[in-house]
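Taken verbatim from TrEMBL:
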type	residues	note
DOMAIN	13-66	domain 'P-type ATPase N-terminal'
TRANSMEM	39-57	transmembrane segment
TRANSMEM	265-288	transmembrane segment
TRANSMEM	319-338	transmembrane segment
BINDING	Asp384, Thr386, Asp776, Asp780	Mg(2+) binding site
ACT_SITE	Asp384	active site, 4-aspartylphosphate intermediate
COILED	572-599	coiled coil
DOMAIN	802-1046	domain 'P-type ATPase C-terminal'
TRANSMEM	866-886	transmembrane segment
TRANSMEM	914-936	transmembrane segment
TRANSMEM	942-964	transmembrane segment
TRANSMEM	976-1000	transmembrane segment
TRANSMEM	1006-1031	transmembrane segment
Amino acid sequence: REPPPGTEAYIPQRFPDNRIVSSKYTFWNFIPKNLFEQFRRIANFYFLIIFLVQLIIDTPTSPVTSGLPLLFVITVTAIKQGYEDWLRHKADNAMNQCPVHFIQHGKLVRKQSRKLRVGDIVMVKEDETFPCDLIFLSSSRGDGTCFVTTASLDGESSHKTHYAVQDTKAFHSEQEIDALHATIECEQPQPDLYNLLFLSKYLYFGMFIFCRPLGSENLLLRGATLKNTEKIFGVAIYTGMETKMALNYQSKSQKRSAVEKSMNVFLIVYLCILISKALINTVLKYVWQSEPFRDEPWYNQKTEPERKRNQFLQAFTDFLAFMVLFNYIIPVSMYVTVEMQKFLGSYFLTWDEEMFDEDTGEGPLVNTSDLNEELGQIEYVFTDKTGTLTENNMEFVECCIEGHVYIPHVICLGPFKGEELFFRALCLCHTVQVKDDDNVDGLKKSQLSRRSRIYISSSPDEVALVEGIQRLGYTYLCLKDNYMEILNRENNREKFELLEVLSFDSVRRRMSVIVKSSTGDIFLFCKGADSSIFPRVKEGKIDQIRSRVERNAVEGLRTLCVAYKKLTAEEYSNAQKMLQNAKLALQDREKKLAEVYEKIERDFILLGATAVEDRLQEKAADTIEALQKAGIKVWVLTGDKMETAAATCYACKLFRRNTQILELTTKKIEEQSLHDVLFDLSKTVLRHSGSLTRDSLSGLSTDMQDYGLIIDGAALSLIMKPRQDGSSGNYRELFLEICRNCSAVLCCRMAPLQKAQIVKLIKLSKEHPITLAIGDGANDVSMILEAHVGIGIIGKEGRQAARNSDYAIPKFKHLKKMLLVHGHFYYVRISELVQYFFYKNVCFIFPQFLYQFFCGFSQQPLYDTAYLTLYNISFTSLPILLYSLMEQHVSADTLKREPSLDVAKNALLRWRAFIYWTFLGVFDAVVFFFGAYFLFDNTIMFGNWTFGTLVFTVLVFTVTLKLALDTHYWTWINHFMIWGSLLFYIVFSLLWGGIIWPFLNYQRMYYVFMQMLSSGPAWLGIILLITVSLLPDVLKKVLCRQLWPTQLFLMSWSYIHRYCPQP
């Protein structure tokens, strides 16, 4: 708030208050903003235009007929969105009014969270969440550390250790903290949770100014929770909507399902049909009126202004009038029905008890219901390995020291050189913290395990290693006052001063510590993946250790290599200077640190390697096998080494015993050129004619020869890299052709961005397959966002994947039911809903088109205004909505037992099915109209409205009974909705005709319905026309079952014969 000393010009920056606003609307802008967003949808905007046309010109139907359905759709959507936003307002208010303690004039003051400002010093107690982004100044713990969980940010429930600023960690009283004068320079707010750059300058009562670099270990993020620490002090650095949590609120890009795209294409087709109908009728009207006696009959002669009116304008007005008359062929209510079906249908997934995991107490989550039907159309599944296929529950198995293998609780032959150094390296090279209380988040030590110490770390690998070394005789005790203490085999304490930590990152794939022993020796200990350690080693028993690492990898164990080097005082001094300069940089700090790490971490002496087991998840193999039987290709994308990942793939049945493994790895490319390797693989896999289609993949048996491809990250980079002549497409196409002919693909040594590249490559290939990505860690988020459908596992690596996904499930095994049962039902139901809506609207409006040929193209409506308005809203809407929620054409158990019943890509919404439904609608409409016309021609008792009511009655009964014929799964709710909607139509017609409610006797439908029903031939005609209308669909079903039976029908028939004995 005050300019730094020595500043010539100072422009104070305006910082926001600490209010969080996640709501979309306010009380004042809800109506205009919501209306604007809703009318951006083409269908809504189209019906608005039709409504305005009805208001402006003289049209054959009342504006109510299109205005009321539009108002219904807009109102329902507005209520839904308004309620959701009200919940967001409620959550915002609860968060903004939360009490916070901060220091003012050396005293603790309590006020609401929204009143915090940048620069305020805040005190946070145990189990409280941080109210804004804070720089950690001091802690109640003597070593200046605190434990934090970031479950609400990235979902990681493990404890992270943060460190107070070195110069302020001794300040524990409010007065000392309040006396602090400092300036913090930081970058502008950005959503990245992990790359943080700060620089602080301290001024103590006029003393010398000095700088201190700050990083992510000094920053406490809003939303994180303080654990196992009594209290901390921190200064507000980012507040309100500038906090990392608020910046991560930004919504993901909107994903659209294949069904929605098909629906929009069909709407365009129907719009073209509508325009064609209006044009045909407009032209025929003027042809009809070309003779004077038809243009001006004696009972309706034109006025003088009408004769002088512009002919082109008159024709355009007539065209618009016909558009209004026929506009009901575009089903506006379909959108709201589809939205309700998706929203309500998503609850069936969350209510599924079989997908509830008792161990974690978690069930499936639906973050977006827009992609429900896409679950039943998946062609490619891209899955992570660690934590997704495996449990991410690490258990130390063995370590290899200079070729000697050590296994916990097994006596080894005598000590030798390097052994003690190796154990010390593992005891020191980590970020593990020791819990010294009796409780960890309320659980007593005895409830957690029998071990004497409780280790806390963000990485389960590190905890497994420290616990494993403890069983081999070396125990890590604590980190206190920057000194790490360990207990050796002789029960003697050893102290090492922690000088520097070179943190782990996914690019380097290693971490290092620089420590100083009590004798003054300085060591750099490093552990990491073998691919990042071996190239930096200059001596040690490399061959023996490499051999053991490869053997363990083949067995599916996770391996790490450990190396060290001894530093002289001069070497450490130079390293410290380079690190300090890099940390002080505000621009490209990460890049400069990486360059310094590269210079420091070299010329190692190899000590040994460790092996940790990560067990396969329950039923992971069964799930992958079922997906492959369903014709879905499964790819594993992992950062692990090839041998470890390949062993896991065999264990989970991704690769079979007879699978021929093809390698596209760096090792292969070093022996041959990339061009030669790709062409050799291409020749191998193309010996069989054609690529593996969905059907052929689902028919794979254990005897059939199939191929499995293994590719690593370096090879993928070469394939994706543009060639010198600028053509990168050739290698990509060749690679894709190879992949199409492989039943499974394993991509190892993949960086997070490369995972997304693979998904994008397949997604944009010429077949445009529907892709699904599933993972459990932050490194899987990129591919989850890239795929058509993203699924997060609620696992031990945190919830960042689950929060960024479209759906979240507790375990990988739940993917089987999610895709093969729920996805199948979602797709079949919504496909029937879309086709049925178009069908019933063709049945509805085509008789109106035919009627114009019998009324001189005078734009006379066939149906009454009430029928036009309520047809889609009331008479036919609820049965199809319930059908789309409840229908099961086959049982869930059958779908799980027979994965091959999965529906092929968008099969139910292809052009063939669409044309069939459209022509069925046209046929039924012709039967309605001409059946009524010829049966009751020259009948005196039937006038205009009675004829229209007769056609409408047959229409409502036919389309409702058509749905009843298509229903396989009957419940009392189906019966209530189908027969109830027909009863409602009859009751409404009696009411509207003045029979039940006599006060309606002034309108044109008075006693029309009753007059129609009083005629015996009308009853017979209605039954006859309904029967004739439904007959083709019944015949088609019978003939198709006899001549072209589906796999589902054959399976059901076989099941009946097998389990239902004949008498």
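Note that the numbers count up from 1, one per residue, in the order the chain is shown.
Backbone N, Cα and C atoms are what each Cβ position is placed from, and that goes for glycine too.
Note that the structure is a prediction, hence the values are computed from the model and not measured.
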Q: Tally the residues of the domain 'P-type ATPase N-terminal' (13-66) by DSSP class, grouping H, G and I as helix, E and B as strand, and everything else as coil.
A: 27 helix, 0 strand, 27 coil
**Q.** Same chain, 6+ residues apart, C-beta under 8 Å of the C-beta of Asp384 (Mg(2+) binding site), given in sequence order
**A.** Val636, Leu637, Thr638, Lys755, Ile774, Gly775, Asp776, Gly777, Asn779, Asp780
**Q.** Cβ neighbour count (within 10 Å, all chains shown) around Thr386 (Mg(2+) binding site)
**A.** 27
**Q.** Long-range neighbours of the transmembrane segment (265-288), counting only residues six or more past its ends (CB under 8 A)
**A.** 42-43, 46, 294, 315, 318-320, 322-323, 326-327, 329-330, 834, 838, 841, 849, 852-853, 856-858, 914
Q: Inside 10 Å of the Cβ of Asp776 (Mg(2+) binding site), count up the other Cβ atoms and send me the figure.
A: 31
